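**Student:** Let me give you the structure first, and then I'll get to my questions.
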Amino acid sequence: MAAVQDGQLNLEVEKDIKTEITNDGSGNINASSSSPGSTSSGGKSKSPAGSGEDQQTLLAVLQFLKRNKLTESVDILRREAGLSADADDSPVSESAGAGSGGVPSVGADGGDANSLLSRVSIATPVAPPATAPPKVVAASGGEDQPDVNVVLSAYSQQGDPVLYPLYYNGLKKFIESVLDCHRAELSQVFYPLFVHMYLELVYNNHENEAKQFFEKFSGDQECYYEEDLRILSSMSKKEHMKGNETMLDFRTSKFVLRISRDSYQLLKRHLQERQNNQIWNIIQEHLYIDIFDGMPRSKSQIDAMSGSLAGEGKRDANKAKVFYGLLKEPEIEVPLDDEDEEAENEEGKPKKKKPKKDSMGSKSKKQDPNAPQQTRIPLPELKDSDKLDKIMNMKEATKKIRLGPDNLPSICFYSFLNAYQGLTAVDFTDDSSLIAGGFADSTVRVWSVTPKKLRRVKSAADLSNIDKESDDVLERIMDEKTASESKILYGHSGPVYGISFSPDRNYLLSSSEDGTVRLWSLQTFTCLVGYKGHNYPVWDTQFSPYGYYFISGGHDRVARLWATDHYQPLRMFAGHLADITCTRFHPNSNYVATGSADRTIRLWDVLTGNCVRILTGHKGPIHSLAFSPNGKFMASGATDGRVLLWDVGHGLMVGELKGHTDTIYALKFSRDGEILASGSMDNTVKLWDTLKAFDDVELDDFTAATGHIHLPENSQELLLGTYMTKSTPVIHLHFTRRNLLLAAGAYNP
């Protein structure tokens, strides 16, 4: 049935009664009265002689009851309808039509239900009244009622192919004639209707009519559906539809349209007056109309949110509370530097840096009201080495440069020269000491970018000779003979597409076309575990900010949450309609964001496994995601060359940054979240003023409920700088702890 909040539209208003045979999805046959205005069959029902269509329906019902030996029901129905005893044995006319609302499907009652439904769906329509446009009268039945495939069954309901363009054109003229304020909203109906009418024609073997329909109306669709239409045009025969992923997407997901109540009433009234069953059947079967009270949205507001494979996200999908605040940091005493102690001795008073350190150390000790409970998900305990690292981090943070429009970061670019192996992924450690690259030749390579070389742990025999109580035991266990600037890790059997260092720099994750995610030790430079759960290429993987957990996503459209000590995934996040192309953990590790080729971003709750946000607005597959350090905002980049900014709490788009001319593969917020860096295949790095972008945004409950967002056209004001490379696409960005920007890519001569 239609997923429309206002209930089903009554198309047969002028009739006293219309008994419909419908299929409730499980193969059960229901006889239902049509409109609230019609009388029940026990009231003043007319003789079926008044309507050929009703008569055919009644005969089909009688035959069905008779076959199932329900003689008492047969007698009662015959008496009520005033039929003679042999009337139900008369042959049913074999001309097909779309007058009935039922969709044939293979029922639980096997042949009986099937024959009944096929007869109902090919009942002969009566001659229409002069005022209404002609109802659909179709070609001969028989061959046009094929065995119904489960997935494609919706398209076996068919009408006269010649009338499809007339129906579509009629609706188009109506929408073009309505007031401007409603036109933009109602125009959203064009694309899903066009797709499903075309697929119906193809499924029912009307190839020429389908081709003409496509050529006539494909030019009317929005430019951002161009790629979908190209794929659609290649499906010109029924055989092409079976097993086609795009086809399955259109068939299984309801296209979501967000329309104001006033605009919806206009559409409803128009279809009611025209008795346009064919279009209404498609709206019922394949669209979800999300109705809101309030002013209709403008064309620019609709365009900002449109473009995904299945329309906009439902408003209900973004209502769940998201705890986007940061977790309380453990209290760690920060010792003074040697330099500071010297300065204190010389001058007899501490340096000014000291209070700054203290404030930094205690900055996140207050519990954020928007933060999840500390124990909401189990997180690994801090080891001594982690505490030391945090102390180092805090010390570095005191020397951090405060960035802003007047104080832009320096950018250090790592160009991979002669990368004939094909560089496909890059990652830096948090302390910027190591860089790793994934390559198309299935190798993973790790480099040290500090003077400290990479060393392996000694063999077990050598380790047994070491004094474990010595102060420098961590140095002694390393084998100096193995010291080198880089290491190559072999193990994958396909290109490596995703790579991620653990926060403690002891492990490295890599995901590959071979369907596995591998965990490598950076002490021994060997593979520790191969995680097998995906059946197809894994496009991305990322460690949690706290380590232990990691996320992976790939061609099978399912993101998986893993823990390093479990062979099987802990959670599987299913819902995307196309490949998951990028994955990111929220800074508090309670949520995971996934970007997909279906042009949507989903936010998943790690604890429950539920999808808590569906964000639409990109016009191409999404290839990069980044959370702001405070966890409140998110940025996304796609093949459409736009960076979109999102408010995670409200689930709303709050900004659009235009400037790149190619796919954006890298996004990163500075350590304070004041600047966003974006890197693209157009060989540029751009810096954006996010502080200004987020300060300009005013969100209220009405905006969140209706999606009336007003995106300022201020990309040029927010753009702080553009930095060209000679000929190197940018595939990764990283801010050091002191806010120096590192970028990486493979030189493309």
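Heads up, the Cβ atoms here are built off N, Cα and C, so glycines get one too.
Copying in the features that TrEMBL gives for the protein in this structure:
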type: REGION; residues: 1-54; note: region 'Disordered'
type: COMPBIAS; residues: 12-21; note: compositional bias 'Basic and acidic residues'
type: COMPBIAS; residues: 25-52; note: compositional bias 'Low complexity'
type: REGION; residues: 85-110; note: region 'Disordered'
type: COMPBIAS; residues: 98-110; note: compositional bias 'Gly residues'
type: DOMAIN; residues: 160-287; note: domain 'TFIID subunit TAF5 NTD2'
type: COMPBIAS; residues: 334-345; note: compositional bias 'Acidic residues'
type: REGION; residues: 334-387; note: region 'Disordered'
type: COMPBIAS; residues: 357-368; note: compositional bias 'Basic and acidic residues'
type: REPEAT; residues: 416-457; note: repeat 'WD'
type: REPEAT; residues: 489-524; note: repeat 'WD'
type: REPEAT; residues: 531-572; note: repeat 'WD'
type: REPEAT; residues: 573-614; note: repeat 'WD'
type: REPEAT; residues: 615-648; note: repeat 'WD'
type: REPEAT; residues: 657-689; note: repeat 'WD'
**Student:** Which sequence-distant residues neighbour the repeat 'WD' (489-524)? Criterion: at least 6 residues beyond either end, Cβ under 8 Å.
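**Tutor:** Distal contacts: 383, 385-386, 389, 422, 424-431, 433-434, 436-446, 454, 456-457, 530-532, 534-543, 545-547, 550, 552, 554, 562, 564, 583.
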**Student:** How does the repeat 'WD' (615-648) divide up by DSSP, counting helix, then strand, then coil residues?
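**Tutor:** Once the DSSP states are binned, the repeat 'WD' (615-648) shows 0 helix, 20 strand, 14 coil.
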**Student:** Mean pLDDT across the repeat 'WD' (489-524), rounded to an integer, is what?
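**Tutor:** Residues in the repeat 'WD' (489-524) carry a mean pLDDT of 92 in this prediction.
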